[in-house]
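Peer 1: Take a look at what TrEMBL says about it:
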COILED    11-49  coiled coil
SITE      TYR148  site 'Histone H3K4me3 binding'
DOMAIN    148-193  domain 'Zinc finger PHD-type'
SITE      MET159  site 'Histone H3K4me3 binding'
SITE      ASP163  site 'Histone H3K4me3 binding'
SITE      TRP171  site 'Histone H3K4me3 binding'
Amino acid sequence: MDNNRLPQETLERVTEETDNLMANYNKYVEQLKESYTNAQKERKEFLSSGIEFTKLIESEETEEKILTVYESYKKLLDDRTSLSKNFLSEINSLLSLVDQQLLLLESSYEPKFGIQTQNPRIFKTNKNNPKRLRNPEDADGPQMNGKYCICNGPAYGDMIACDAFHIEIPWFHMECMGLFSAPRGNWLCPNCRPSE
């Protein structure tokens, strides 16, 4: 597959899936509106049955009517919940597709030192790699020489990049920062964090 064509195909596929999702969204909204209208009718009938029930002497007929209306109303609410869950599932499928397509786009750019993870701020070094880079400008991740982390140690293990622009140390060991997984949102090193 031509790597120059890949971004265009990815965009077209994601756009097509998004258009399908929007069409389904409109369909779900119409179904929910219809369900809401029906639920309001059932609710009114249920409430009026309850009023009749309190006015009349208890009879099996009135009780059965209330139970029938209640079951009908409950079914409408369950259907609405099911519609919402189905749409949420479709949204999650689309997000998964977008993630896969982004990974496909990124797969043609292999890092030369270590393993670049899904999160561009996380970098896994290969400390046992016998093919150490001689030219530090060739590396996509942390350089072999230079200052790393607050511990001033070499690049090893899982490392995370600081999201600040003007920093003297761009990469930090996740272990030294007390991180076990990639944080959500922007991450700032202790030097760049605003003091509280």
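Even glycines carry a Cβ here, placed using N, Cα and C.
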Peer 1: Please tell me which one of the recorded sites listed here (MET159, ASP163, TRP171) sits closest to TYR148 (site 'Histone H3K4me3 binding'), measuring Cα to Cα?
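Peer 2: Closest by Cα: TRP171.
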Peer 1: Starting from the Cβ of TYR148 (site 'Histone H3K4me3 binding'), draw a 10 Å sphere and report how many other Cβ atoms land inside it.
Peer 2: 21
Peer 1: Around the C-beta of ASP163 (site 'Histone H3K4me3 binding'), how many further C-beta atoms are within 10 angstroms, looking at every protein chain?
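Peer 2: Here the count is 13.
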Peer 1: Which whole-number value in Å describes the distance between the Cα atoms of MET159 (site 'Histone H3K4me3 binding') and TRP171 (site 'Histone H3K4me3 binding')?
Peer 2: 6
Peer 1: What mean pLDDT score does the domain 'Zinc finger PHD-type' (148-193) have in the model?
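Peer 2: Residues in the domain 'Zinc finger PHD-type' (148-193) carry a mean pLDDT of 79 in this prediction.
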Peer 1: At the Cα level, what's the spacing in Å between ASP163 (site 'Histone H3K4me3 binding') and TRP171 (site 'Histone H3K4me3 binding'), rounded?
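Peer 2: Here the two Cα atoms are 10 Å apart.
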Peer 1: If you count other CB atoms within 10 A of each CB, which of MET159, TRP171 wins among these recorded sites?
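Peer 2: The residue with the most neighbouring Cβ atoms within 10 Å is MET159.
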Peer 1: Can you tell me how the residues of the domain 'Zinc finger PHD-type' (148-193) break down into helix, strand and coil by DSSP?
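Peer 2: The composition, in the requested order, is 0 helix, 7 strand, 39 coil.
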